[in-house]
């Protein structure tokens, strides 16, 4: 079962209900809408189709709105493009002009105040590099030297590595797009070109003004300034996207893998989801199979600790959108098999100060690994407990049961968490019982599984204070257990020693009213013993202890409740009998 989440960008190649359904079946968890392209009508139609496809499949698919952000671009060029020659002089004007080989202009007129002589300006994702040689503030012009030849087309991106650019946190377009997203009920805002915490707070203020504070903000780190301010940015954010495209232009390419590892590590420490994005399976826009380097890139992001991996052009405009998702699913699933969960847990358990929820999350992860449980089940109001458990990367899947569909969708970015909708409860016992039932409904948990349940006060977020180890089973009957062992076997019912001698076989569970010394030969074959007669000093109790087999005494009507030949699990520690095979301690 894949735990890494997959984010898919939706575009012309994937916007139909039919194609979206195929993407979801292939493994898409979150749909990304890139607001650098398209209008409200297009994106509104895509959101409608996403919800229709998700509804058909009964899936909770998160929707992520990716803002265009406060970027810098060139204006238009003469005849659509110009040729720039290495060594030539190029003036960058703050006033809009038609671009020529001698002079171009940019959309941000404050650039002249941010750069200095010696600064580097990169055009079109670094295709052409410029070095600032002079600044003429009277003419509002930056004089540069072209570092390498290249063709420059209309409205290309401008990057200024190593320079703190005083662009606004969000533009007017971004604000309008976010308000549209609020009206459409999106789950995440991916904020482009975040440089400082105030950029995130501007968006949070806008969300609060529109009563949408529950929408999560995922800053995209795309420049050196964002990397430098990462700790402060994470304090006010709900997660992070490592946007390696622009980041690789702003900082040297050889630094990108190291920055990726560091950003992921910081998110892991805080229990905040992190998305690794850009060019993960880029060649699959054109080819049905990825390059070996791309497969390694996806795997290494998972080894680094990413919660989610993202597809951009591969699903938005590529020729093989469904195949790209399936490929990413296959690589992620195989890579997860190589994760050393004990090592990860040990490394992340060295945190000194923590909240009660964090402490419970760590304890749950330790218990899950030590007992090799089948699943972790957590009823949750806000999703916080599930995130805190995921932080420690337990091997067992985390089933988060929530009454809030929006919380369920927000957990679609969190590693190892499988959210399902529950219902309101009046007591903790009822909440736990219903959570176990919902986990059974998902198919992740089955009867006989050993699970860990963690929860808090009913209806209150942030109160997690309970952990329970539980066997999910059909409890057939109960009595008084002797010892702490368990056994699985076929039921043999005997009313007396003669019947027992005739029917008993090695490894069976002997069920009888009472035992005596005439039954010793049969008892020596038994995997477990159940009697209707009670008492810690009864013959059955004493003999069972001496033979070292699990015994349950005082089980009323055991010879009529249990059926000849049925398979059961005897748990003497709890004095319980489960139908079929159950995982008990």
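Each residue, glycine too, has its Cβ placed from N, Cα and C.
On a predicted model such as this, the values are computed, not experimentally measured, just so you know.
Listed by Swiss-Prot as binding ATP are 34, 35, 36, 37, 156; the candidate from 73, 195, 196, 204 that the record includes in that site is 73. The candidate set comprises the binding-site residues 34, 36, 67, 278. Of these, 67 has the most other Cβ atoms within 10 Å. Residue annotation for substrate gives 32, 245, 246, 278. The furthest Cα pair among them is separated by 18 Å. Checking the recorded positions (66, 220, 222) against residue 32 (substrate binding site) with a 10 Å Cα-Cα cut-off leaves 66.
Within 10 Å of its Cβ, the residue among the binding-site residues 66, 222, 246 with the fewest other Cβ atoms is 246. Closest to residue 246 (substrate binding site) in space, going by CA atoms and restricting to the recorded positions 34, 36, 220, is 220. Across the fold, the C-alpha of residue 36 (K(+) binding site) and the C-alpha of residue 220 (site 'Transition state stabilizer') stand 14 Å from each other.
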